[in-house]
Structure formats: C-alpha cells, structure tokens
Amino acid sequence: MTSTRTLRYAQVACACIWCLFSAGIIFGFAALKPILISEGVYHELCDPKDGDRLLCTAQDLKLNFIFALSATVTNIMALPVGKILDMYGPRVCGIIGSCLLFLASGNFISAKHLVSLWDPYLVGYTLLAVAGPFVFISCFQLANSFPQRSGTVLALLTGSFDSSSALFLLYRLLYQNWFPTLNVSRFFTLYLIVPVFILACQLTIMPHSSYKTVNHIAKIAVEGLDENGRLIEGDTGSGIIPDEQERQSLIAIEREEDSIPSRPQRRKSVLETYVEDKLQKKSGGIFGVLHGKSAYEQIKSPWFYLMLLFALVAMLRINYFIATVRTQEEYLLNDPDLALKLNSIFDMLLPLGGAVSIPFIGLLLDHTDTLSTLTILFTTSTAIGVFGLIPNSFTWNLIGIVLLVVYRPFYYTVVSDYSSKVFGFDTFGTVYGLLSCICGIFNMSQNLLDKWTHTTFNMNPFPINLTLVILTVVFSLTLTFYIRSQILPKPVNERGLSSNYQTI
C-alpha cells in the first residue's frame, strides 16, 4: 500500500516537472523573441534600405506569425488529444508528446542545415505547440491518483502549465547576462533532457491506462463524486455534506438503493441529486441547464455560441498582446527604454500570474455564483483593454499588464468551469474541446491584425485595441443579458430538491 502511494506521489511530481518545462512554453514567446532577433532569425527578409536596424517590419511580422500559428495549433489540438487520451491512454499521449518535443528540438538544433528545405523555426515552434497538449492533457487522469486531493493535484498541474512560459524567460536572462554564446541551437540541445525525461517516466513509473477519462475528471473536480455518482474511495463525504446526521442519513439511503438490483440505465444517486441541487443553487441557477442534452443540441444553444463569441475575442486579445507587447508599448509610451522595461516586467509576471492566482481563483469560484464570476471576468477584460488605450502613462500600462497576467488563467478557468456546469460532464470533452478548437482557428486572425498595425495604422495599436474592447463589451453584455433572461426559479418538490434532478 505504501509503495503504491509513493509511486503515485512520484507520478504527480514527475508530471508537474515536465509540465513546467514543456506544457505551455510557447506562451513565453515575448521572452524568446529578443533572442531570435539578436540571432538574426528572418533578418534576410529585411530590405537593404532599412540599413543596420535590428528589426524591420517584414522580420517582425514573420516572427509574430510563428507565435500566431503556434497558439492556433495548441488550441486546436485540445479536441483530438482528448479523444486519443480516452482511446489509447495517457502513456501513448505522453510518448507522442515526447517524440514531438524531440522533433521540435531537432529543428532548432539543425536550423542552419534545414533552412534550405523548410522553415525550421516555424516548424520547430509549431511542433512545441502540438506537443504541449499531449504532455499536459495526459496528466489530467492523475487527479484521481489521490481521490480526496483531486482538486489539489489539478491545481498543481495547472500551476505548472501557467508557469512553463518562464522557461524562455530563464533562457533570455542567461543569454543576455551570462552566456551570450548560448544560441538557440545550443539551448535546444540542452532541452533534449526534457523529452528524454518524459519518455523515461512514461516507460517506467507512469500508468499505462487512465484512472479516469477527461469527462470523469471534470465531474470529480466539480461535484466530488465519481462517474457513478458515488463517493470517491476513501472519502467520508464530510466535504460535500458537512452536517454529520444529514450525511449519515443520505449515505444510509444510498446503501439501501445499492442493494436494489441494477437497472439497464443509470439514474442519479441520492448523493448526486443532493450535490447537484446544492450546485444549482450555488451557481445561481446555471448548473445543469443543458445537462442530459446531446452535444449537438448544446452546440446549437446560445449558451454555447454566445460564450464562444466572447472567448474568440478574449483569446485573440491575450495572444495578440503576448506577441506584440514590445511594439505596442513603444508606440504608447513613445520611449523604447520604458517599453523594454515593461516588456521585461511582463515576461517575469506572465508565469507568476498563473501560479499565484490559481488558489484565489478557486476561492472565488467556490464562493461566488456563476453569473457574478462572469461579470468579474467581463469587467476585468474590459478594464485591461481600456488601460491598453492610454498613451504616455507607464503606470496605467503597468496596471493593465498586471491585470492581464492574472486575467489569463482566470479566463481559462472560468470558461472551463462554465462549460462543465452548463453542458455537463458527459459531453464536457467534446463541447469544451470544440470551443477551444474554434478559438484556436480564429486566433490566426492575429496575424492579420498585426499586419494592419504595421502597415495601415503605422504601428499605432489604438484602432485594433479599441475595436477589440468594443467587441468585448458587446459580447459580454449579450451573454450577461441572455443568462439573466434564462435563470428562472425552479419548482421545488416535496423533498426540497429541484425538479431538474431525478432521484432513484
């Protein structure tokens, strides 16, 4: 028993380590970009008339395109990776991710030799983006390795993902301050340790099959119950039902129902009914509105496509800023030194934002109804956009950056939480995966916005940012008004439970 527990500790620890060094490293692009510029990547695209300028428009657009494509690909991959995980298990996903990291590193290591065949920087960075979901999503099943601490395990994995963008920040600091000869090729030669580590873990200590599917993990995280609506092994239920007398009464009823011969179709257990009724009230009437519907019916609903519209703009704004933070701040502050300072602050705060804010985000979700949480999300998103419109103010732009690094993990967590509560757990992987996939495809428009900023607007980010702020406000208000119109008092039956939920 002890050895099994030790093994599961080791599994979680190893997963956190490799997520920290591979899951979301592409989002550290703002820190990597100065190194690529210094190494002369794509400098051949510059017109000789540009002189000895370190960065020209064509080069900047091509570098930003690398990130735009990678951010698109990593979001698109969420849907197929979830399916592969459920079909073939976490070991296969982890090994695929490891191989992709090998290939990505190989492109950077041999870039000078491959440049005549294809674009090794674009291919390499895109492969890093594809690898991320494979090595990250395959870890979700570990949330049930310690059933009573599934939320803690998920928080550790999510924190590791959010902090992984720090890898390129560390590289930039080493490159600029101590090891100027540590070029991209040498760095990724050292980076080969990461895929080797992942592969070794997958072939030795990591589980071959999932403890649970992605949908089951979502149910455990939200309800604290397993896929059959039962208490998780080893859980007394005190966290779900604080009152001991009430808890023992419900558990007794549960045991009595368990003795009844099984039915062809599973119906909600007594505990499941109790928990979901509490969640329905706690969420302000949002929990369960589309539970039991098919994925197709859910996708046709305004609950899906109105959230999708907001998510499209939100994700685009986040990734567009990551790619263009330096050039935006140079224009707004009209001071390259201050812009560089803000860029450096952003590089440091981005990985810290997720790690620091995750516990507070959890507390907010636990103690605030869903509509209020969405209102906070919408307000924060709008505020960040407004601060990004203020010229000649280091302070306001700094506040906007601080809000953005906290908002990024907040956005992802709230959209995921909304999806599980509204659409349910049976279709969670499909519906949430589709939402992420569509957002990823739409993210390619980031490249068009960047081109317009460089050419049409002469580096002025104001028109693009203002448009995105207006769209944010419109879509936020539309979704808010729709939710308010749909939340109606639910009839309560004689047992005191909402009629939405079917008991045994």
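Each residue, glycine too, has its Cβ placed from N, Cα and C.
Feature annotations, reproduced from Swiss-Prot:
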- 1-11: topological domain 'Vacuolar' (TOPO_DOM)
- 12-32: transmembrane segment (TRANSMEM)
- 33-64: topological domain 'Cytoplasmic' (TOPO_DOM)
- 65-85: transmembrane segment (TRANSMEM)
- 86-91: topological domain 'Vacuolar' (TOPO_DOM)
- 92-112: transmembrane segment (TRANSMEM)
- 113-119: topological domain 'Cytoplasmic' (TOPO_DOM)
- 120-140: transmembrane segment (TRANSMEM)
- 141-150: topological domain 'Vacuolar' (TOPO_DOM)
- 151-171: transmembrane segment (TRANSMEM)
- 172-186: topological domain 'Cytoplasmic' (TOPO_DOM)
- 187-207: transmembrane segment (TRANSMEM)
- 208-302: topological domain 'Vacuolar' (TOPO_DOM)
- S238: phosphoserine (MOD_RES)
- S249: phosphoserine (MOD_RES)
- S269: phosphoserine (MOD_RES)
- 303-323: transmembrane segment (TRANSMEM)
- 324-344: topological domain 'Cytoplasmic' (TOPO_DOM)
- 345-365: transmembrane segment (TRANSMEM)
- 366-385: topological domain 'Vacuolar' (TOPO_DOM)
- 386-406: transmembrane segment (TRANSMEM)
- 407-421: topological domain 'Cytoplasmic' (TOPO_DOM)
- 422-442: transmembrane segment (TRANSMEM)
- 443-462: topological domain 'Vacuolar' (TOPO_DOM)
- 463-483: transmembrane segment (TRANSMEM)
- 484-504: topological domain 'Cytoplasmic' (TOPO_DOM)
Selected stretch (most C-beta pairs under 8 A with the transmembrane segment (92-112)) from 12-32, 120-140, 151-171, 187-207, 386-406: 120-140
Positions on the same chain near the transmembrane segment (422-442), where near means CB under 8 A and six or more residues out: 71-79, 82-83, 86, 213-216, 218-219, 222, 227, 286-295, 298-299, 303-304, 307-308, 311-312, 315-316, 415-416
Intrachain residues whose Cβ lies under 8 Å of the topological domain 'Cytoplasmic' (33-64), provided they are six or more past its termini: 121, 168, 171-172, 175-176, 183-184, 323-324, 326-327, 446-447, 450-451, 454-455
Of 65-85, 187-207, 386-406, whichever stretch has the most CB pairs under 8 A to the transmembrane segment (303-323): 65-85
Two-stretch contact, the transmembrane segment (187-207) and the transmembrane segment (12-32), at least three Cβ pairs under 8 Å: yes
Residue distribution over DSSP helix, strand and coil in the topological domain 'Cytoplasmic' (113-119): 2 helix, 0 strand, 5 coil
Per-state residue totals over the topological domain 'Vacuolar' (86-91) - DSSP helix, strand, coil: 5 helix, 0 strand, 1 coil
Contact set, same chain, for the topological domain 'Vacuolar' (443-462): CB under 8 Å, 6 or more residues outside the stretch: 57, 60-61, 64-65, 68-69, 71-72, 75, 315-316, 319-320, 323-324, 327-328, 330-332, 388-389, 391
Helix, strand and coil residues within the topological domain 'Cytoplasmic' (172-186) as assigned by DSSP: 9 helix, 0 strand, 6 coil
Local confidence of the prediction over the topological domain 'Vacuolar' (443-462), expressed as mean pLDDT: 90
Same-chain residues at least 6 beyond the ends of the transmembrane segment (345-365) whose Cβ lies under 8 Å from its Cβ atoms: 27-28, 30-31, 151, 155, 158-159, 161-166, 169, 172, 322, 325, 373, 376, 398, 401-402, 404-406, 408-410, 413-414, 417
Per-state residue totals over the topological domain 'Vacuolar' (443-462) - DSSP helix, strand, coil: 11 helix, 0 strand, 9 coil
